[in-house]
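Below: the structure, in structure tokens.
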Amino acid sequence: MLYAKALSIGDEIGFFSPSSPATAFAPNRFQRAKAYLKAQGFELVEGSLTGKSDYYRSGSIRERAEELNQLIRDPNVRCIMPTIGGNNSNSLLPYIDYEALRNDPKIIIGYSDVTALLLGIYAQTGLITFYGPALVASFGEYPPLVDETFHSFIDLLCSETNQYQYTMPSSWTDIKHDWETQHSAKPVYPNEWQFIGKGKVTGRIIGGNLNTMAGIWGSRYMPEIKVGDILLIEDSLKGIENVERSFAHLAACGVFERVSAIILGKHELFDNKGTGRTPLDVLIEVLADKNVPIFYGFDSCHTHPMLVTPLGVRGTIDFDNHTFKLEDRWVKAK
């Protein structure tokens, strides 16, 4: 197992665009996100494709891979964060300099389409990666939601402890605003976490964005889901028919027969097609008679605020006391 060093205020965070060109299509939100992290004391290092666009992506496959590799090889960069996800991060996997990352482990964080990179890097190097915020998508949000996301970022990445208990944010949102015309905080909903099961479950946390995992499934970049694992899954902007298909894919692959519990994150702007059903309802139907406990509504997903979750470390869900905590270290001493 490989661990990056914990972050310190003043460290350099490198950002890159592995898929969608957010720095080009959302310049106002991009500038706001940069200003926010700089105001918290971090230095930012721009990736080579900043401000560039090749229609649906920031650059060619090789250009995007080289942008990431430049940050991996920069000894001053201690954390690497995407600007946003998209659909094509998996294209980079054959070209990443894994050896450089083994020699100088860095914090690799992101979510959504970047799941392909998080899991691929973990599978190839053993480096603990982090399901967490992206620069433009997350830190371009307005307070108080962005502050809660940042507090989780600091709690997890600047800490050298080997235990952490998550606290449920009091509110959340998936309300969609035009990024370039948004000028204030979004309305929020009261929060709720649901614990469906009994007793305690401890296992390795693995997973990420459900749709993205399908793009690396069966490859050397997808870590084996082992007996006893805690599966983290979430998705965004999908219809109920696609969610059922994704869950059924996991079932067909025998995943639900191996995992000890499922963490199902909130689904941003879920389209239930008039059924009134939730992703939880769909999951329970697909599970059928499999008695897999579910922690539903965890805020490590596309909604705001976002909680940081290390992948590859041991966690414990207490279904009786409604708690979720980490039981392993996820970074090493500075």
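Positions of Cβ are set from backbone N, Cα and C atoms, glycine also.
Per Swiss-Prot, these features apply:
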type	residues	note
ACT_SITE	S112	active site, nucleophile
ACT_SITE	E234	active site, charge relay system
ACT_SITE	H302	active site, charge relay system
Which same-chain residues, if any, lie at least 6 apart from E234 (active site, charge relay system) yet have Cβ under 8 Å of it: G208, N209, L210, L264, G265, K266, H267, F298, S300, C301, H302
Note: in the chain of S112 (active site, nucleophile), residues six or more apart in sequence with C-beta under 8 angstroms of its C-beta are I84, G85, G86, A134, A137, N209, T212, S236, H302
Cβ neighbour count (within 10 Å, all chains shown) around H302 (active site, charge relay system): 21
Sort the residue listed as 'active site, nucleophile' into helix, strand or coil using the DSSP assignment. helix
In three-state DSSP terms, H302 (active site, charge relay system) is classed as coil
